[in-house]
Amino acid sequence: MSNLSVNAIRFLGIDAINKANSGHPGVVMGAAPMAYSLFTKQLHINPAQPNWINRDRFILSAGHGSMLLYALLHLSGFEDVSMDEIKSFRQWGSKTPGHPEFGHTAGIDATTGPLGQGISTATGFAQAERFLAAKYNREGYNIFDHYTYVICGDGDLMEGVSSEAASYAGLQKLDKLVVLYDSNDINLDGETKDSFTESVRDRYNAYGWHTALVENGTDLEAIHAAIETAKASGKPSLIEVKTVIGYGSPNKQGTNAVHGAPLGADETASTRQALGWDYEPFEIPEQVYADFKEHVADRGASAYQAWTKLVADYKEAHPELAAEVEAIIDGRDPVEVTPADFPALENGFSQATRNSSQDALNVVAAKLPTFLGGSADLAHSNMTYIKTDGLQDDANRLNRNIQFGVREFAMGTILNGMALHGGLRVYGGTFFVFSDYVKAAVRLSALQGLPVTYVFTHDSIAVGEDGPTHEPVEHLAGLRAMPNLNVFRPADARETQAAWYLAVTSEKTPTALVLTRQNLTVEDGTDFDKVAKGAYVVYENAADFDTILIATGSEVNLAVSAAKELASQGEKIRVVSMPSTDVFDKQDAAYKEEILPNAVRRRVAVEMGASQNWYKYVGLDGAVLGIDTFGASAPAPKVLAEYGFTVENLVKVVRNLK
């Protein structure tokens, strides 16, 4: 029976990829046995309740092998993955896109495809489970108690981010993380002996993982036994499973020819004969469906029913905790953060927005028990520390400060995993110039609709002495170009509070907070509530103004000062703070016209970053005071003066406009 089911997985993949004339059959054919063993003997999932929060998680880090996952979901009874959807693999509007997409297809626990990010994201799942278990489980009531399983390939383990995350997972002793390594000695360009020769198991042993070897990737009992041993090891586990890529293909197995191209009609016919598969394309024997129903769907439904009974009893035994758990199960924060939680600020108060961020962050932490995060070894520079808590580790699982180490990319992927798990609000920080290191993870935050908060400090050439390697220029423009990411560059402590409030109440959009090292004065025109519009008027000296200054962040202080100087010279001027171009762009036409009247063409945008995205606001008649070269090393006042970010120069720029 098991051999028939394994071959059903293989041929669903082969047939769908042939029909699409696109895809990666090799991993489907080679990894089918380990995937079958995992689904039928280990995974607790319920196709009728795909979002059950205590389900085991499965991450196909080798996302190019998506038909392996779609075949498993179809056979297990997930309604989203019907046979018609299998036949529509990689087609417009289907539930079976080329790589797995979270939120698009029920049963997909994470978007994967960019190699290395799946295994790294899985680390976040495991850490989320550990925190929630420590927070809410009580004796006899293991409400949060599940494993995170991964299938990865050689390519995943070549990527640096997987090494970052594995080092971190070993240090944290995340013992409910089990990785099955599809070790087939082949990559897209040829054999791995030409590019990847170290002992992976030795490396993972050094990280503090349990490791094991299954020499025959078709030995279901050996795979099952290895997983059982791994679960009892007390460590994260890597099980190397030696497989043959394209198993069963007489002429292509064991070669890179089967990695990323359909088998084609002739080779498919030969493979059917070689594996004894006497069924038509997309024909699955009823006994295969029965096998998956018994060992996946029914087993999962029983586990779900037992868990719901446990939760009901928990509500009786621990009603206060149960109220928070119920919110988490429903996909809500256990406590609502409101604007009233943030203290009022006096005009004239001066503070760096990174410090204002720490104040706001701690307001959130005091209110929301499931709010946690950290920094890539810069907590006391990024100001990301929750003051009431210590560092989280295996011995201190309830602490909410996470020390990610100098692992920016892994930090982002781990945050994604924690957000995907559900039940948590998470954040992570680094210097803004190093947002490049984490950007690929930010992109998956945005693509998956995860409300992760990224805290990026030291936001401009005002860093000064550290010089151009640490002075962001192009970074704001790059992040603003990313769909479904709200970038906030607040002007002062008041706007910073508002940005944090919007970040921790966001449902489907991540947030990047771009913050200063230097002090900024709270302007009398800044407004907590208006930050939600993305842009608003902070200064105006005449109703019939004919000039608009648009600024963000530290340049709002500069723009207001310049506007007051211009006003003293008879100019009629408006200053607009635009903390988020992303949010402002989503406002209706009437609001945009209210803030930036089309009739007023004399406009200057002021920002210490690349100028390119500001012309949409100032037009061809306006000007941009920005930076389109790299920065320089000198004390900050000297750097700012040399780059023209002074009241005198801004006044001159405005005066030069017709």
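Backbone N, Cα and C atoms are what each Cβ position is placed from, and that goes for glycine too.
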Which of H259, H295, H318 belongs with H64, G113, P114, L115, G155, N184, F434 in the thiamine diphosphate site listed by Swiss-Prot: H259
Additional site residue, D266, D466, D524 [criterion: listed by Swiss-Prot with H24, H259, R354, S381, H458, R517 for substrate]: D466
Residue among D145, D154, D219 sharing the Mg(2+) site, where Swiss-Prot lists N184, I186 as binders: D154
Nearest-integer angstrom distance between the alpha carbons (Cα) of L115 (thiamine diphosphate binding site) and D466 (substrate binding site): 33
Other C-beta atoms that fall within 10 angstroms of the C-beta of L115 (thiamine diphosphate binding site): 21
Cβ-Cβ distance under 8 Å to H458 (substrate binding site), same chain, at least six residues away: R354, S381, F431, F432, V433, D466, H470, P472, L515, T516, R517
Neighbourhood of F434 (thiamine diphosphate binding site), C-beta criterion under 8 angstroms, separation at least six: A376, E408
Of G113, P114, D154, i.e. the binding-site residues, those within 10 Å of H259 (substrate binding site) when Cα atoms are compared: none
DSSP-derived class (H/G/I helix, E/B strand, else coil) of I186 (Mg(2+) binding site): strand
